[in-house]
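Undergrad: Below is one structure. I have some questions about it.
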Amino acid sequence: MEPAAGMMGARGTDTGRLRKRGSVLYATAGRATAQQGTGAAGGTAALPLLAVSLRALNCALVRTSFVPDEYWQALEVAHRVVFGYGHLTWEWAHGLRGYPYPLLFACIYKALQLLGKDDVQLLIWVPRLVQAVLAAFADVKLYLLVKHLENAETAKYVYFCQLCSWFTWYTCTRTLTNTMETLLTIFALYYYPIKGSKMGSRWKYLSLIALAIVVRPTAAIPWIPLVLSHFVQEQKKADLVLYSCIPIGLVTLGTSLIIDRVFFGEWVLVQLNFLKFNVLQNLGTFYGSHPWHWYFTQGLPVILGTHLPFFIHGCVIAPKRYRIFLGAVIWTVLVYSTLSHKEFRFIYPVLPFCMFFCGYSLKHLQAWKKSAASFLLLSNLIPALYTGLIHQRGSLDVMNHIQQLCTGSHQSQASVFIMMPCHSTPFYSHVHCPLKMRFLQCPPDLTGNESYVDEADLFYSNPLGWLNKEFYNDSLLPSHLIFFSVLEQEISTFLALKGYKKTATVFHTHVPQGRVGSHIYIYKKKT
């Protein structure tokens, strides 16, 4: 991170160049004072170091699993690219995912391999630390943006709200495309030419949006109202489209196409395939559906948590020029509400916009400002630590037991069958040895076959019958079975008959439901 003084100097040059375009959006804010500029270096020089330290701590205190994509669509793909083995899910067979984001982690893995440091723990933690550093830089950018638009005190409250957010803490250091989408949104927002900003740079913010869309095509959604607002207020509309939007779009899309061509071995337009599957065909319902109002009644209130009243208050008192931020939040939630399949992480990119209004609210409270800040801190600390350290930790802890099978002579003899809802655990990226492993598959049917049942559903419809049929010959039996505690009683006769004995019990969650149990059991076949 550059020192603040250096950044201010660079902005001055960029602003001067942009003035010549004659756009009111890029005009220097008349109310910016010399005192603000000279105080920037002293006020923010230590901020990047503080931010990186806090997010590194954040990373260390998140030891639970959230969703399968943080492993299966990033680290597992990178592991296969660099080390030659790893499982690609059905999305990769149909060109619904692109390689640019996993390539970031593939570069990390390759560097570790060349240095002879490709230890499994480094393969797990270094990518997350990189994600944590990027999250820290995004925090700094959010602070500097608010400091420029308002003042240092408001910026501190926004930064405080960002740090307090339990969902940001829970999510920002994970290797999810949603996380990178959110961080790139913050970086782009820093350069967005909102009225009164002297840091606006159409090339920078549009390039960052384009990069976010390459990582995850849905990144375009919150930016639609913002870009349209820019277009409406821009004096030289043709220049914006012809000399900024089109060149940036072509270069970014072309680069993405070439990268995917190299790894897929054929030309694949991932963004179009993603749009067709999730929007036009709405096949995401295969993984569950929710009522249209879910994001308004559960999704947004849950990820905001105790920030919600401050967000509402901030929306009410914030100046008119910030309504475009609120518009982006409402628009994004409305668009996602039209899709049947809904998840908390899908609306994570609007959370930084919400933190802006929360911080603005906190700054303008009068009598009980300190009490409100203490309330926010304490009320978010509990869910942040619980979800980061306890809830759903078994999926990762059980991988430590599997790693032990890679040592000595065990590897050639061992084989693992994970009898859990598909993708419940990471895979080779968290084992880093070519151990024989299998899990229950659950790809959706893309052919329109109404009677289609995936392997996981078939298994859970009759676990004992499925096992007896699948392993009719004892020579086919794996050496280790891993499953949730809720399954144990139902398959107990199979375990006893085939000579399996429980060797480990791993805690997973206090709130078991359905096929997910409170603990994970590891059974080993007697030799």
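Residue numbers in this text run from 1 along the chain shown.
Cβ coordinates are placed from backbone N, Cα and C, and glycine is handled just like the others.
According to TrEMBL, the transmembrane segment annotation covers 205-228, 240-259, 292-312, 324-340, 346-362, 374-391.
Tell me about the surroundings of these features in the structure.
TA: A Cβ distance under 8 Å defines the sequence-distant neighbours of the transmembrane segment (240-259), meaning residues of its chain 6+ beyond its ends; these are 98-100, 103, 202-203, 206-207, 210-211, 213-214, 230-231, 234, 267-271.
Outside the transmembrane segment (292-312) by six or more residues, the chain places 161, 164-167, 333, 336-338, 342, 344, 346-348, 350-351, 354-355, 357-358, 361-362, 372, 375-376, 379-380, 383 with a CB less than 8 A from a CB of the stretch.
Same-chain neighbours of the transmembrane segment (324-340): 194, 221-226, 229, 278-279, 282, 284-285, 289-290, 292-296, 299-300, 315, 318, 346-347, 349-350, 353-354, 356-357, counting only residues six or more beyond its ends whose CB sits under 8 Å from a CB of the stretch.
Cβ atoms under 8 Å from those of the transmembrane segment (346-362) belong to residues 138, 142, 146, 150, 154-155, 157-162, 165, 167-168, 171, 178-179, 181-182, 185-186, 189, 218-219, 222, 295, 299-300, 303-304, 307, 310-311, 313-315, 317-318, 322, 325-326, 328-329, 332-333, 336, 369, 372-373, 376 of the same chain, restricted to positions at least 6 beyond its ends.
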Undergrad: Using a Cβ cut-off under 8 Å, which residues of the same chain at least 6 positions beyond either end of the transmembrane segment (374-391) come close to it?
TA: 61-64, 160-161, 164-166, 169-170, 305-307, 310, 362, 509-511
